Amino acid sequence: MASMFIFVLSALDNMGFVANMVSIVLYFYGVMHFDLASSANTLTNFMASTYLLSLVGGFISDTYLNRFTTCLLFGSLEVLALAMLTVQAASKHLHPEACGKSSCVKGGIAVMFYTSLCLLALGMGGVRGSMTAFGADQFDEKDPTEAKALASFFNWLLLSSTVGAITGVTGVVWVSTQKAWHWGFFIITIASSVGFVTLALGKPFYRIKTPGDSPTLRIAQVIVVAFKNRKLSLPESHGELYEISDKEATAEKIAHTNQMRFLDKAAIIQENSKPKAWKVCTVTQVEEVKILTRVLPIVASTIILNTCMAQLQTFSVQQGNVMDLKLGSLTVPAPSIPVIPLVFISVLVPLYELFFVPFARKITHHPSGITQLQRVGVGLVLSAISMAVAGIVEVKRRDQGRKDPSKPISLFWLSFQYGIFGIADMFTLVGLLEFFYRESPASMKSLSTSLTWLSTSLGYFLSTVFVNVINAVSKRITPSKQGWLHGFDLNQNNLNLFYWFLATLSCLNFFNYLYWASRYQYKREDSGPGFKPLGEMSLKRVERKQDWEVSQE
């Protein structure tokens, strides 16, 4: 029941988020008068900032405010920013004059423009940093039935956001591009407002978990204490490391692992000393840092995928804008083309959840059917294929544009790259969200799920870097002395080479991912009676641990 309120917010909020994501590059280009590269970079920098700021929402909801309150707080900032965008889009005196430069925004217009974008990035980022973990909090991972429901929650969350996105890229985008930008922003503002009111109405049904100790502080303590104890020798048995008793424990305890043993030195309690913060850390605290360290290569391996996604929201939209937009008598806005993969996802998610997952569970006995890392791997392969296809389609589009600009190819040629990447995103996004939530310590659920958005953020920033660097390098080495992505005319560019560059990079990145994913050791919660404090460790407990290690070998 509680999840339904979250699904409604996800649908309504994502309606505006995706509509902006796929169309606002045209607002930057046509209304704010940025050139091709600058409008693309403005969008990727905005999206990168949005996802990066999800870490702020995750940190606050883990440490100071509960996830429900955090979501509503940042939601109010999001609605305020959308209202500001609506006002600026509706007032022509708040639009800059065309100047022929890469950017024409300046003075008071620039202040309002960038203030609204900054507030929108902060609001949307904070909501994403807290909402996913808040929804997952409604399930008990230790209950077998609810553990299966948790795996399903991430799939249905994707479906709800997809339904909202379909409305955004069709209805809202059509209103924005065919009627007026301010009406599109106005619809988004109302929809988001209704979504957050709906979330607030569901409060009586929620499980609201109170925030704990600062996750960054717990991490810092382990690093500092391990460094202080670097000259100490590790005990023969991990049972001699410090851990609080079951009676004292207020949260889950994590079983010891043999990876990164140098961090175990933080749990060595020295003779004639009492356990104090910054003097000794618990085994659980050390394992929290180990978990975060293990997932970082996984995060890094998905950055290139998100760089590829950035192209579908920038250059692919600009491609569509110079293609044949007619579907019979209907003119389709170029930013609406992502509706094709969204429709695929809306059909595939129920099929995946209702048929594939139950079938796979019988074989693998895994609550999600297949592991989260396997899902991510499928997504990485498909993203590389998507970029390769995008390059082929761009060659066809550009050749026809140069041959006869009056007869461009159909917009729906772009559906191939969008469709393949849409399926890739279905596998990767859900896989990462579930992976980070399940693997993260209880005190870091929001911050850990925000790592998904951190990867997206870095992917968008990397897109900006690639565009600038490739333009600078290709200016020097091409006979025409023009960059691959220069100026305002796509027909005079080499966007296909940029796509193929990303496809090659994606292939190399996939092998890097295989290396780290094959070495990853999933979190194993302590299944025994729990660690006992130093001095209370029984010999039987040591023997059981030794037997377990032998069986693993």
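Cβ coordinates come from backbone N, Cα and C, glycine included.
Just so it is clear, the model here is predicted, and its values are computed rather than measured.
The transmembrane segment feature in TrEMBL is assigned to 7-30, 42-60, 72-91, 111-129, 150-174, 180-201, 295-316, 336-355, 376-395, 415-437, 458-477, 497-516.
With respect to Cβ pairs under 8 Å, the transmembrane segment (458-477) is most closely packed against 42-60, considering the stretches 42-60, 72-91, 180-201, 376-395. Most Cβ pairs under 8 Å to the transmembrane segment (7-30), among the stretches 42-60, 111-129, 376-395, 497-516, belong to 42-60. If you look at the transmembrane segment (415-437) against the transmembrane segment (150-174), you find at least three C-beta pairs under 8 angstroms, all six or more positions apart, and that counts as contact. Of the candidate ranges 72-91, 111-129, 150-174, 376-395, 376-395 has the most C-beta pairs within less than 8 angstroms of the transmembrane segment (295-316). Within the chain, the transmembrane segment (336-355) has long-range Cβ neighbours (under 8 A, six or more residues past its boundaries) at 18, 22, 152, 155-156, 158-159, 162-163, 165-166, 169-170, 173-174, 312, 316-317, 320, 411-412, 414-415, 418-423, 425-426.
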